[in-house]
Amino acid sequence: MAEITVGQLAQQTNKEVDALLKQLKSFGIEKSSEKDTLTPTEMKTLLEKINSAKNTATRKKVTSVKLDGKHKINVSVKRKRRVAKKMEQQESTTLEQPQELETMVQEVSQQVDIVKEQDNIEQIVENKEAVKVQEQRQAEIAKPVIKDSGFKITAMPEIKIEEIVAEDDEGLAASDKQAKKKAAKKVFSEAVNTNTKYKREEEEKKSKAKKAGGKGFKKANPRQLSQLAGDLESFDEFGAKKGKLKAPKVKKQEFTKPVENTVRTVEIYEGITVSELAQKMAVKGAEIVKVLFNMGVMATINQSLDQDTAILIVEEMGHKYTLHNENALEEAVTIVDRSSYKKISRAPVVTIMGHVDHGKTSLLDYIRQTRVVAGEAGGITQHIGAYSVKTDKGSITFLDTPGHEAFTSMRARGAKSTDIVILVVAADDGVMPQTEEAIQHAKAARVPIVVAVNKIDKPEADSDKVISELAQRNVIPESWGGDVMFVNVSAKTGEGVADLLEAVLLQSEVLELEAFAEGLAEGVVIESRLEKGRGPVATVLVQNGNLKQGDNILCGTEYGRVRAMHNDLGKKIKAAGPATPVEILGLSGVPAAGDEMVVIENEKKAKELAAQRSQKQKEAKIAQEQSLKLSNMFNNMGKEGEQQVLKIILKGDVQGSVEAIRESLLKLSTDEVKVDIIASGIGAITSSDVTLAVASTAVVIGFNVRADSAAKKLAETDGVEFRYYNIIYDLIDDVKKAMSGLLSPEMKEQIIGIAEVREVYRSSKFGSIAGCMVIEGVVKRTNPIRVLRNNVVIYEGTLESLKRFKDDASEVKKGLECGIGVKNYNDVREGDQIEVFEVIEVAKEL
């Protein structure tokens, strides 16, 4: 017998190496690893031990076979091997054992394949004939027999099939083999019949479900079979039910696959809110608020952000950005291609500026030969007038601006839309504050100046004084080597007016003013108002192109179709060229003075662009209010008391006047009293204005307008007072007085008398009594006092007693002696002064 290793023996006997080593050790054969060899003597000893102990080795193998539907079967194969041989046949049996085991495994695998072909087995079948054969074989001891107790098949639900298949062996008789084959055939024929019956029942159930309108049976998801395996089987090993079937449990996924961060491209536009930015980046708004907080900005999810802040947030969170061009629509609509048109020379647009009452409108009146000043309240121009004047040498368009300081913005607007500025300075007054402002506006707009020294006909006129004062402000005349023309004029007599017009036309020739006379018109809104029966009326100065009746126009946030046009004389016209002032009707609302006017071919685009501009204005207003709230929060820290507010509802005749008054009133606000214009508009005072005034306790002010009948009745019922004004001086002065009335009175101390201590007496009742002489004013018994020593206050209190000789006195006048007892103070010395004062209320003024 050749030597064999432990590993080879374990492989032949289908045993684990460790288990075989333990078994060898129990038999007294010491081996430590699978590479150790077994000698023939050790092999003989091993076989003797096995035969003497009649050792039995049992192995079990479980396999799973899937069936259709929701079921599967478990096939359990058990092998028992008992060796009972005669001593002389042990060696040969041991050598043949691996071959017998291999044959047995092949037979079992064939049987398992047959079982896998069966879809379902629901009952236990026992092979009685195989058991009888087994008993016969156990009785035969003479021949070595390796018995296989067979395999057991466990199906779901808990259906078991046990069958015993005997292994082929050289010592088995032919009758035993035939009996074994018959038993195996019988077992599997019964299994096939059972499976066929089960399939027939399943088909009947499916057909019934289809007839009943049901969906029938669904094929089970392979992923669900493992979940259902433990829940569907509720039978014991004898086939009895243990309980009701449980519903399949939904198992939670224990591991979430990590997702790679997505880098998004965010489109950022001006005024984007925190919530919109969060939505574009697919994050929560709270995360962006945290980022802003870390950047030192306190914000809410509805707050608007500027583009720079939004860019920082997007970069901080690891995304990319693109800037949204908000002006794309505006550029596409408003930019007009005029390359195919020719330019022509146009009339100059001249703005007359100067101080109030220096004769601007009178000069223009003389030029136009009309009495415009007679129609102005108080002789003061309240809003811009646009006029076109034809002279022998050409046409000139004049813009007359107010001279009052309240109309600074209107003067600036006139300077922006003008070519030449005529600066009117009175020869008797010289340079005044509004004159300096007019110079600043003209220089800021880089507009050439022509100085008209007016009122030259007066005896006190001094033109040299005017020239020297203007030279100090860098307005150098040509006679001094500068570039500014000075013309002495008189609006009353007409002296020098022709020379002034000639100087203006000469300056316009130097400028070479040109414009396009064809194409879509462009211009600027000079003034706007709301007229009863006509609607919104806008005074427009055409700068380029040809404005025609019926054109679709866009003025700021208002749009419409030109229904009618009137020139400066009130006549209807069909078209207007460059440098022509016209009044137009047909806008959707009253535009703001200074807005650009453009003609757009498509009315739909004009409406869309107007809505976009309106939205921009709202967002800008909200952003400004937010910044003001933040600044006010820090400015009001530590301030005591509440700020008084004077609420005003302002109505005017024209847009420019309302705007100027609004700015002037807002400038009156102080830390203690604030002017709040809660509503302003153009046109008559209506009942809605009265209702708003009642709700907000506001004052209603009308400038060159009156209340309608419905508003008057409602005002009488609710007790609302209207204040009408025609001159802006009176309006501002009255508002100042009203604001002063809201101021809390100021408390001031006033010294009413001083008494000098000449001698000190002692009294058992009052303590120290000062004998005094009143040297100033009067000393009163009830007023507070201060004790001064060397002009330093050492005590402040009240008088306990005041006597003249032995009698009590309520007051002692200057030059008289008296006795004064100071309450709770006895350290009065000779030479001290007792100062008597009183606290009075003084009304504050702005």
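Each residue, glycine too, has its Cβ placed from N, Cα and C.
The model shown is predicted, which means the values in this text are computed figures rather than measured ones.
Among the features that Swiss-Prot reports, GTP binding site is placed at 354-361, 400-404, 454-457, with the record citing sequence analysis. There are 17 other CB atoms within 10 A of the CB of Asp357 (GTP binding site), with all protein chains counted.
Among the features that Swiss-Prot reports, compositional bias 'Basic residues' is placed at 207-219.
Look at Swiss-Prot and you will find 345-512 tagged as domain 'tr-type G'.
Residues annotated as region 'Disordered' in Swiss-Prot: 199-219.
For the region 'G1' (354-361), the number of residues in each DSSP class (helix H, G, I; strand E, B; coil) is 2 helix, 1 strand, 5 coil. According to Swiss-Prot, the feature region 'G1' maps to 354-361.
Summarising the annotation, Swiss-Prot assigns region 'G2' to 379-383.
If you look up Swiss-Prot, you'll see 400-403 marked as region 'G3'.
What Swiss-Prot records for 454-457 is region 'G4'. Mean model confidence of the region 'G4' (454-457) amounts to 88 (pLDDT, 0 to 100 scale).
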Residue numbers, six or more beyond the limits of the region 'G4' (454-457), whose CB comes under 8 Å of its CB atoms: 354, 358-359, 362-363, 424-428, 463, 488-493, 495-496
DSSP-derived class (H/G/I helix, E/B strand, else coil) of Ile456 (GTP binding site): coil
